[in-house]
Each structure stands twice: as C-alpha cells, then as structure tokens.
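Chemist: The structure that follows is given in the form of structure tokens.
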Ligand code: HEM
C-alpha cells in the first residue's frame with residue numbers, strides 16, 4: 001500500500017482524485033492487481049467445453065468430446081505462476097524476473113481471464129475498473145486491519161468466489177483528500 005501511495009503521490013497532482021486515464025502512469029498499482037489475481041482468482045472454474053468435431057493435437061486425434069470444467073486453480077501446477085509460489089510480490093510482474101517469469105507471462109502460466117477463443121472479452125475493462133477503484137481507495141483513505149489475525153483468503157465454492165470470511169478494516173479520510181472528496 002505504501003509503494004502504491006508513493007507512486008500515486010509522484011504522478012497525480014496533490015488533492016486531485018485519480019481517474020482511469022491516469023492508470024498508464026501507475027504501473028505498480030496495476031501490478032498489485034495482477035499479483036492479487038494470481039493468488040486469489042475471482043473465478044476458479046472455466047465453463048465446460050465440448051468439441052463438435054474430431055480434434056487433432058500433435059498427431060493425436062480425439063473424437064468429439066465433452067470436457068469437464070478445467071479449473072484455473074490448476075495455475076498452481078509446477079512451472080505455472082499459481083499459488084505454489086507464495087508471497088505477495090507485485091514486483092514479479094516488472095523487471096525482477098524469476099525463472100520462467102517475464103513480460104506477459106506467456107505459455108498459459110498466468111490465466112486469470114482464461115485463455116484462447118473464449119477468454120474473458122472484458123479483461124481490459126475488468127482490470128481498469130478494479131485498478132481505478134483500488135487506486136482511489138488507497139489514495140483517499142488510510143486503512144488499518146481490525147485485528148492482528150492474518151487475513152483468511154479462502155473463498156467459498158461457487159462459480160465466482162465470494163470470500164468465506166469478510167475482511168474487517170477501519171478507514172480514515174486522508175487530510176490531503178478531504179477537499180477533493182467533499183466536492184464529489
Ligand atoms: C477482474 C475481473 C474479471 C475476471 C477475473 C474475469 C474472468 C473471466 C474468466 C476466467 C472467464 C472464462 C474464460 C474462459 O472460459 O476461457 C470470463 C469470461 C467472460 N467474461 Fe470475464 N472476468 C472479469 C470481468 C468481466 C467483466 C467486467 C465483464 C463484462 C463487462 C466480463 C465478461 C465476460 C464474458 C461475456 C465472458 C464469456 C466469454 C465467452 O464465453 O466467450 N468479465 N471472465
């Protein structure tokens with residue numbers, strides 16, 4: 001949060017609430033969202049797929065088949081960027097590369113929006129909406145957890161993944177943003 005706030009402070013004029021058009025200036029904030037989606041997928045399963053004709057992949061042909069839903073949670077398989085890599089580290093999406101990581105995380109190692117033809121058509125929209133909201137919350141308010149307990153990130157089983165346990169936090173409007181917020 002401190003790093004995001006520093007980035008916002010450096011790039012947005014004092015007292016102005018950030019907006020969507022500022023996002024290109026806030027790459028660290030964007031990386032926070034990417035890292036969050038790596039660790040906690042809002043949608044765990046993909047809709048089931050069925051092929052309507054024979055399908056040949058590398059010399060193996062299979063007949064039309066209904067595939068069960070593959071889970072995005074499989075992103076935790078070896079070599080992928082899933083939860084097997086612990087720790088919250090937005091920097092992994094920038095220059096600091098670990099083995100197998102890098103620009104864009106290709107080879108299906110990072111697929112919170114699915115992959116292929118049916119991938120989420122609103123990836124850009126979703127990212128921009130959520131990044132703007134999180135950016136404004138960080139810019140305008142001081143946040144404190146209500147307890148020292150580690151946040152339980154487990155979600156409930158469902159198509160999207162509502163949190164099992166709500167996160168309780170206290171917030172205060174930051175002095176420097178009072179005017180801007182009162183003009184809304
Ligand atoms: C952070 C936000 C979002 C995430 C993580 C997300 C994730 C996903 C995933 C994993 C899929 C399944 C892809 C597949 O089957 O391969 C999907 C599909 C889809 N999403 Fe999103 N999504 C997000 C936001 C949105 C928003 C804001 C919209 C609409 C305004 C949207 C519209 C759709 C639609 C229409 C599909 C079905 C695409 C198809 O079957 O061809 N999504 N999304």
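Yeah, the Cβs are placed from backbone N, Cα and C, and that goes for glycine too.
Curation plays no part in TrEMBL annotations; they are all automatic predictions.
Values in this document were obtained by computation on a predicted structure and should not be read as measured data.
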Chemist: With TrEMBL as the source, identify the stretch among 24-62, 63-101 annotated region 'Disordered'.
Modeler: 63-101
Chemist: Cβ distance under 8 Å to residue 120 (heme binding site), same chain, sequence separation 6 or more: which residues?
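Modeler: Set apart from residue 120 (heme binding site) by at least 6 residues yet with Cβ under 8 Å, we have 113, 114, 126.
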